[in-house]
Amino acid sequence: MQFSRNFMIICSALLLCSSLTYGQTASPPAPVAMTPTPTPAPAPAPEYVNLTYLLSVAGPFHTFLNYLESTKVIDTFQSQANNTEQGITIFVPKDDSFKGLKKPSLSNLSDDQLKSLILFHALPKYYALADFNDLRTKGPITTLAGGQYTLNFTDDSGTVHLDSGWSKTKVSSAVHSTDPVAIYQVNKVLLPEAIFGTDIPPTPAPSPAPDISPSADSPSADSKEGGSLSKALPSDSASHRVMKLSIWSHLVLAVLGGLVLLF
């Protein structure tokens, strides 16, 4: 009896150990920890372009910059330069270009016309100098002023020429040309046909050379001729006296010869 009890205890212990061993071998393997993929860093934001600063240190473009600020067009240019993918291209006249603008005068324009004229000096896209060679084949290019305000471009051996209808000028230098902003200096103010019409004033003819009138002190041709005649008269009277003297001498000799024959 004691033996059977011991046998049962041993068997129970062996059965328990075998079940524990089986449970450990049958348990699924622990999951392998996954290394997270690093998130790429965001691309740096493009540098903000301050057009007011660029135009202030270059130039002199003070007159154009004053128009930009007084018409609030500078805000439109800044937004186009920094908040769009297309960028902006600006044509800036020097101060001398405004001083030489006699007719038509910008002082006669309304506020809306003046604003459109300043917007007319920019294209709603960045263009490098090499890009203007392609623009000449695309016809009129619309400016930031709108559909009626267009420019025509030609490229002559690398020199970019602009034609606004009223103004024909060329790009004389590049002030700033880094995407998304291009600023080019031009020799004249761009005057659009949409404001000034199609009655383009003709190129003024060169002024004729002034007539040089003889001064009061200088003798005229008539006085010169009279002087020459007056100088010729004394010589004629002298020869006349010589002829009279010769005749009288001959008469005296003839009388003396007759007296000699009588005596």
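Heads up, the Cβ atoms here are built off N, Cα and C, so glycines get one too.
All TrEMBL annotations are machine predictions without curation.
Source: prediction; values computed, not measured.
What TrEMBL records for 1-23 is signal peptide.
Across the domain 'FAS1' (48-190), DSSP assigns 50 helix, 45 strand, 48 coil. TrEMBL lists 48-190 with the feature domain 'FAS1'.
Among the features that TrEMBL reports, region 'Disordered' is placed at 200-234.
The compositional bias 'Pro residues' annotation in TrEMBL covers 201-211.
Annotation comment: TrEMBL describes 212-221 as compositional bias 'Low complexity'.
When pLDDT values are averaged over the domain 'FAS1' (48-190), the model yields 93.
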